[in-house]
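S.K.: Dropping a structure here in C-alpha cells format, bear with me for questions.
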Amino acid sequence: MLILRGAPALSAFRHSKLLEQLKQKVSAVSGLYAEFAHFADVNDVLTGEEQQVLDRLLKYGPSVPVQEPAGRLFLVLPRFGTISPWSSKASDIARNCGLTKIQRIERGIAFYVEGQFSDADAQAIADSLHDRMTQLVLGDHAQAAGLFSHAEPKPLTAVDILGGGRAALEKANVELGLALAEDEIDYLITSFNGLGRNPHDIELMMFAQANSEHCRHKIFNASWDIDGQSQEKSLFGMIKNTYEMHSEGVLSAYKDNASVIVGSVAGRFFPDPDTRQYGAVQEPVHILMKVETHNHPTAIAPFPGAATGSGGEIRDEGATGRGAKPKAGLTGFTVSNLQIPGFVQPWEVPYGKPERIVTALDIMIEGPLGGAAFNNEFGRPALTGYFRTFEQSITTPHGDEVRGYHKPIMLAGGMGNIREDHVQKAEITVGSKLIVLGGPAMLIGLGGGAASSMATGTSSADLDFASVQRENPEMERRCQEVIDRCWQLGDRNPISFIHDVGAGGLSNAFPELVNDGDRGGRFELRNVPNDEPGMAPLEIWSNESQERYVLAVGVADYERFKAICERERCPFAVVGEATAEPQLTVTDSHFGNSPVDMPLEVLLGKAPRMHRSVAREAEIGDDFDPSTLDIEESVQRVLRHPAVASKSFLITIGDRSITGLVARDQMVGPWQVPVADCAVTATSFDVNTGEAMAMGERTPLALLDAPASGRMAIGETLTNIAASRIEKLSDIKLSANWMSAAGHPGEDARLYDTVKAVGMELCPELGITIPVGKDSMSMKTRWSDEGTEKSVTSPLSLIVTGFAPVVDIRKTLTPELRMDKGITDLILIDLGRGQNRMGASILAQTHGKLGRVAPDVDDAEDLKAFFAVIQGLNSDGHILSYHDRSDGGLLVSTLEMAFAGHCGLNLHLDGLADNVSELSAILFNEELGAVIQVRQDATPLVLAQFSAAGLEDCVAVIGQPINNDEVSISFLGEPVFSGQRRLLQRQWAETSYQIQRLRDNAECADQEFDALLEEDNPGLTVKLGFDVNEDIAAPYIKTGVRPQVAVLREQGVNGQVEMAAAFDRAGFNAIDVHMSDILAGRVDLNDFKGMVACGGFSYGDVLGAGEGWAKSALFNSRARDAFQGFFERSDSFTLGVCNGCQMLSNLHELIPGSEFWPHFVRNRSEQFEARVAMVQVQESASIFLQGMAGSRMPIAIAHGEGHAEFRNDDALLEADVSGTVALRFVDNHGKVTESYPANPNGSPRGIGGMTTLDGRVTIMMPHPERVFRAVQNSWRPEDWNEDAAWMRMFRNARAWVN
C-alpha cells in the first residue's frame, strides 16, 4: 500500500467553522489542521514515470499552504470492507491514465486536533468528524491497510418458527426492525407452515419491505368505520374517483413509477443512435409527473436524506414506461421552529427534541444542500418549491399538545418527458435477462421502507440511522444516459420493463419487476455487483444502495444494451432470468444454497387487508382578534416568518438553467427577486409550447378544519399555476402527497374527511384529476426527556403539485410590477368574497394563536371562473403583472410585487372595509385570490370581464404602483401604514440571510444583504454593440455546408444537449462524442472543425473540478495525441464552458497560446452559485466574441468552482495585459467587480472567461448555451424576439469557419 499526503482539506472559512464546532463540543481543543490522505493498493512497484503520473493525478484543488501537522491524529476513512464512490471514480481515472498496476485508490482526511483531552473527549471529537454510516476513524496511517482487506461473506440464518412458533417470529420482528403487524405475523406462520419449512431472515426482510406501509399503502387501501358508520370507499378509491370522473389527457395513472399526461408536439432534440448527429424529431412529447417524500431519512441525516430523496424521485421518472427523461425538479420542506441563534422570533417557544434527530435549523441548512447538490450534479434544474415552519402548543379535548414537524416533510418532485410508444411497459418474455443497472451493493439504508413506516421514536436509534441511504448522483447520471440511448432507439428500444431500486433494495425491486410483468424470476445472489463482499445474503438483497434500476431486456436485445452501457461506462450485471412460473428463487453460489425460494403470491399476495375503526374529534381553536394588534409590528413579524420570507438561500444553491429549456424559474425581473408563482419549461428548442408546475399547501389550517386545508391546497395550486398560459382548467393534473400521524386521536378521521372533500367533491367539480401521489402515515415524534414523555405531532398535511401543458411559454405572468407601462392600477380578486377568515394565518401563528375559522374554497364555480378570466385577459395582453394571495395575505402579495418591480406602492383600502377595526384582517387574511396590475385605461374592461363571469363582488381596485421607494396604505384618506420598500425588503430577506450566514462564507452573505440598501441599483440591463436580431451566419447556412463540431462529454457531464442545440441553430452538424469514443479510437478529431467541452460534473468532480477529465486526456497517449493534434490545427476552434472550461484550463500544456490561463477553484462563497450575472465582453482575439467587445448583458451561471486562481499577482497582471481575458463580471452599473453576488465566484478583476493569443480556443465559466433563445432568459428586454444576444457567439464561430 502506498501512502501519499494530499493538499489541505479545508478552506480558511471551513477551517474556522469546524474549529468553532469542535470547541463547542470539547472546550480543550486549541487548534486544527486537516489534509487529504491518499492510499493506493498496487500489485507491483511503480516506475518513476508512473509515480510521477500518480503524483500529478493526486495534486488537485486550490493552492492552500501545506502545514506540518501537530496534534492528535483523527484519520477519517471509508468504512473497511467498502469502496467509496470517490474511490471507484479515482480508480477509473487512474486506469484511463494507463496506471494498470493500481488496483484501487482510496482517500481519507487526516484531522490533527491540538489540545489536552480525555478519551471521552476524543470520542466526541471523532463523532463530530465522521459519518458512522460510511466512515470510521483511526489513529495511525498504517492502519489504513484495512481498506484493501477482503472480508469473508457472512452466512444465511433461518428463523425457527416450526420449533419456536410465534415467539421466534416476534423476536425476529424486533431484532430486524421489520415492523410487521399482528395479522402479518399470523399470515407468515400460516404460509411457511404450509411450505413445510422455516423462513430465512432474507425472506422475512423481503416480505417486511414489500408489505410495509411505505410500499403497500395499507392505510390508503384499508376499509373504514368512522363513528361506527361503515364508509363506502377506501382513501385510494376516492382519489381514483377523480380519474373515473375525468380521465381525458391522462395516459398512465396509478400503475407505474410516475404518471403520464398528454403534452405537445415538438422537435425532440437528441443524437441519432446510429450517426450520433444531433437533430430534431417531430413527435408528441408527453409529460410525466411525480412527487415523492423522504421525511424519515431527512430527520436523521438531512444532507443524504434529502439528496437520496431527490435521487429516488429522479429514478422514478427515468423508470417510467420503457424509459423516460427527467426534466425539471421541485422541492419542499416543512419543519418545526428554526430558533436561529441571535435571531429567535417571539413565537418560537423551545420544547426540545430527541437525540436521534437533528434540529429544524440543521435540517434547513443541510437538507436543501443535499437536494440541490444531487439535482445539480445529475443535471436537472430545480424550479419551484415551498418552505414552511410550524410548531405550536395547542389545547385539545385531551389536554395541551405540541403540533409541529419534528419529523419534517421533505418533498422531492418533478416532471419529465416520454415518447408516445414508450408510455406502456412491454411484455417480459420468458428467458429475458433481468439486469441491475447502476452502482454496487453496499451496507447502506437497510430497512428504510419499514423504518419510514414507524413513528419516529418507536425503533432503535441504530436502526433509524441504518435506514438512511447515501448518494452518488454522477452514477445516476450515467444510468440516465444509458436510458436515454435506449429510448432514443425508438422501436428498437432494448428495455421492455424497468423499475427503480428504492425502499427494500433489490428484494423489493426484482419481485415487483417480474410480478408486474406476470412472470417469476430465478436470480443468482453473487451476480449482484457488490462493493462490500462481507455482507450477509439479507444485506446484499435488501440494502438500499442508491442509483440503481432493475430492467428486463430480451435476449435478442442484450448485446445492443451491453454496448450502450460500455460506451457510457455505466456498470450493470445480469442477475437473473424471467421464468414462466410465478416463483421467486434466489441461489447463492458461494454457499451453495437458495436463500429465497417462495411463490410470489406468498410475498406479494393476499396479506390481510387493514381495517380502520376511528372516531371524529371536536375541532380545536382559540380566540384571535387581529384588530387589537399594532400593524407595524405585525408587518415585521409576518415578513420574518419563514413561510413568507425570501427563499433566496434555498434557490441560489440550485442550478436553474441546465437543459436550456427553462422558461420561468423562481427569480423574477431585473433585480432577480424570488417570487415566481410557478415554473415553466419549453417542450423543446424549436417551439413556444411547454410545461408548467406549481405547488399549494396550507397545512396548519388542518388543525381547525382539515377538509378546508385540503381544498385550500388545491386552490392555492391553481392560483399559482394560473400565471402560466394554459388552454383550460381540466388540462391541469395534480399530484397529492398526504402526511398524517395515523393513530393519533382524531387524525384518521381528518384524513378520511379531507380525502373525501378533495377526491369526491372539489376535484370532480373542477374537472381535475389526481393521477399520482404518495402517502406518509407516521408523522409523529416521541421521546423521553429526563423522565417526561414528550411528543410532537404533525397536523394532517396535504401538499398538492399541479402540472399542465402550456400553450405559450412567452406569456407567463410574473409578480414584477411594471413601471414602464404608463399609469396602472392594482386590482384585488378576492375569492373569499370579503369573509377575511383569519384562522391559522401567519399573523395568528406569529402571535402563538390559531383562531377559529379557516379560509376555505366555498364555491368551485368561483375558482373555475377566476381561472378562465385570468387566462383570457393574459391571452389578450391585458395583465402586466400577477401574484396570488397566500401566506401573509394581501400585504405580502403587494409588497412582493413591489420588491420585484423595485418600486413603491400607494394602496387605499376604502372599498374593502367598513371600519378601521377590519384593516388587519383585510391586510393579513389568506383567503384565495390574486392581485393583478393592468393599464388604467384597461381597468373598466378588466372589471367588466370579472363581472360577466359572476365575480363582480370579488374585485376591487386597491391602488397603484409608484415610481419611488415609499409604501403607503390608507383608509378613508387616513394613513394606516407607511414604510420604505428597501427596508421592508431587508426585513423580508433577513431570515434567508441569517441562514446563509451560518451556512456559507459570512462575508459574502453580508455583501449580498447590504446590497439591498442601494438606492439607485438599475438591475440587469443590456447594452449591445451589435443587432440581436441579425443572423450573420445566414449566408453560410444558405450554402448548405454544415461543418462538424464535436460535442464532447465525459462521464458526469450533463450540459451537452443544449450546447448541441446552440451549434445546430448556428449552422453546424453537432456530433455526440464521449471520451470513451476517443480512448477506444472510435472517433477521430481530424473529422471535426470545432470541438466543445460541455458543462457538468465529470467524474463527480473527483480529483478536482474538470481535473480528472483533463488528466485522463493528458496521461493517455492516444487521447493526448488526438487533442494535441486538434489544438495545433490552424483551422480548428474549441470552446470550453463551465466543467469544460475547468477541463481545458488543465490541458493548457497542449494548447498553444494558453500560458496565461488560471486554474479554477472553489467559489469565494464556498457554495454552488446559480444566478444570472452581468458580464462585459472584452477586446480579445476570441473567434466567438468578434464584434461583441464592449457589450454588456446577463448570462446564466451555475458552478461551485469558478474562482480563477493565478499562480501569483504577476501572472494575473500578465493575463490582464496579454489580451486573453475574454469576459469580465460587472455590477448592474457596468463596473468590473469582485464583490458578491455580482461576481458570483470572487474571481480577481472579474475574470469570467479567457481565450488564447490567436483566439481559436475560448473558455468561460458562464453558460451562453443555456440562454441563446430569448425565452430561456430569466429576464430579457422586450425587443428580443426569438434570439437572445448570446446566439451571436455561436454564429460568429460559423462565420469564422468560412
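Each Cβ is built from the backbone N, Cα and C atoms, and glycine gets one as well.
Just so it is clear, the model here is predicted, and its values are computed rather than measured.
Found this in Swiss-Prot, in case it helps:
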{"type": "ACT_SITE", "residues": "Cys1138", "note": "active site, nucleophile"}
{"type": "ACT_SITE", "residues": "His1263", "note": "active site"}
{"type": "ACT_SITE", "residues": "Glu1265", "note": "active site"}
{"type": "BINDING", "residues": "305-316, 384-386, Ala676, Ser886", "note": "ATP binding site"}
{"type": "BINDING", "residues": "Asp677, Glu716, Asn720, Asp884", "note": "Mg(2+) binding site"}
{"type": "DOMAIN", "residues": "1045-1298", "note": "domain 'Glutamine amidotransferase type-1'"}
{"type": "REGION", "residues": "303-327", "note": "region 'Disordered'"}
S.K.: Please name the residue among the binding-site residues Thr308, Thr384, Asn720 whose C-beta has the most neighbouring C-beta atoms within 10 angstroms.
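M.R.: Its Cβ has the most other Cβ atoms within 10 Å: Thr308.
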S.K.: Quick check for you: of the recorded positions Asp677, Asp884, Cys1138, His1263, Glu1265, which have their Cα within 10 Å of the Cα of Thr384 (ATP binding site)?
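M.R.: Cα filter at 10 Å returns Asp677.
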S.K.: Which of the recorded positions Glu716, Asn720, Cys1138, Glu1265 has its Cα nearest to the Cα of Ala676 (ATP binding site)?
M.R.: Asn720
S.K.: Using only C-alpha positions, which one of Gly305, Thr308, Ile314, Asp884, Cys1138 is spatially nearest Glu1265 (active site)? These are the recorded positions in the record.
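M.R.: So, of the listed recorded positions, the one sitting closest to Glu1265 (active site) is Cys1138.
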S.K.: For Glu716 (Mg(2+) binding site) and Ile314 (ATP binding site), what Cα-Cα distance in Å is obtained after rounding to a whole number?
M.R.: 25
S.K.: Would you mind splitting the region 'Disordered' (303-327) into helix, strand and coil residue counts from DSSP?
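M.R.: Per DSSP, the residues of the region 'Disordered' (303-327) fall into 16 helix, 3 strand, 6 coil.
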S.K.: If we check Cα distances from Thr308 (ATP binding site), which of the recorded positions Asn720, Asp884, Cys1138, His1263 wins as closest?
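M.R.: The answer is Cys1138.
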S.K.: Of Asp677, Glu716, Asp884, Glu1265, which of the recorded positions has the most Cβ neighbours inside 10 Å?
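M.R.: Max Cβ neighbours within 10 Å, all protein chains included: Glu1265.
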S.K.: Counting only residues 6+ apart in the same chain, whose Cβ is under 8 Å from the Cβ of His1263 (active site)?
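M.R.: The list for His1263 (active site) reads Ser657, Gly1055, Gly1095, Val1137, Cys1138, Ile1195, Ala1196, Ile1197, Ala1198, given in order along the sequence.
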S.K.: Cβ-Cβ under 8 Å from Ile314 (ATP binding site), same chain, 6 or more residues apart: which ones?
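M.R.: Listed in sequence order, they are Pro326, Gly329, Phe374, Asn375, Phe378, Arg380, Gly414, Glu476, Gln480.
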S.K.: Can you name every residue in this chain, apart from Asp677, Glu716, Asn720, Asp884, with its Cβ inside 8 Å of the center of the Cβ atoms of the recorded Mg(2+) site?
M.R.: Cys678, Ala694, Gly696, Thr717, Leu718, Thr719, Ile721, Ala722, Ala723, Ser886, Ala930
S.K.: Mind telling me which of the recorded positions Ala676, Cys1138 has the densest Cβ neighbourhood, counting other Cβ atoms within 10 Å?
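M.R.: Selected residue: Cys1138.
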S.K.: If you draw a 10 Å sphere on the Cβ of Gly311 (ATP binding site), how many other Cβ atoms land inside?
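M.R.: By my count, 29.
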S.K.: Taking only the Cα atoms, work out how far Gly311 (ATP binding site) lies from Asp677 (Mg(2+) binding site), in Å, as a whole number.
M.R.: 25
S.K.: Check the domain 'Glutamine amidotransferase type-1' (1045-1298) for me and report the mean pLDDT.
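M.R.: The answer is 98, the mean pLDDT of the model over that range.
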S.K.: Taking just the CA atoms, what is the gap between Asn720 (Mg(2+) binding site) and Gly305 (ATP binding site) in Å?
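M.R.: Spelling it out, the Cα of Asn720 (Mg(2+) binding site) and the Cα of Gly305 (ATP binding site) are 28 Å apart.
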S.K.: How many other Cβ atoms sit within 10 Å of the Cβ of Gly305 (ATP binding site)?
M.R.: 28
S.K.: Looking only at DSSP and grouping its letters into three states, which state does Thr384 (ATP binding site) belong to?
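M.R.: Going by the DSSP assignment, Thr384 (ATP binding site) falls within a strand, counted as strand.
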S.K.: Hey, how far is Gly305 (ATP binding site) from Asp884 (Mg(2+) binding site), Cα to Cα, in Å?
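M.R.: Given the Cα positions, Gly305 (ATP binding site) is 32 Å from Asp884 (Mg(2+) binding site).
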S.K.: For Asp884 (Mg(2+) binding site), just give me the three-state DSSP call.
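M.R.: Its secondary structure by DSSP: strand.
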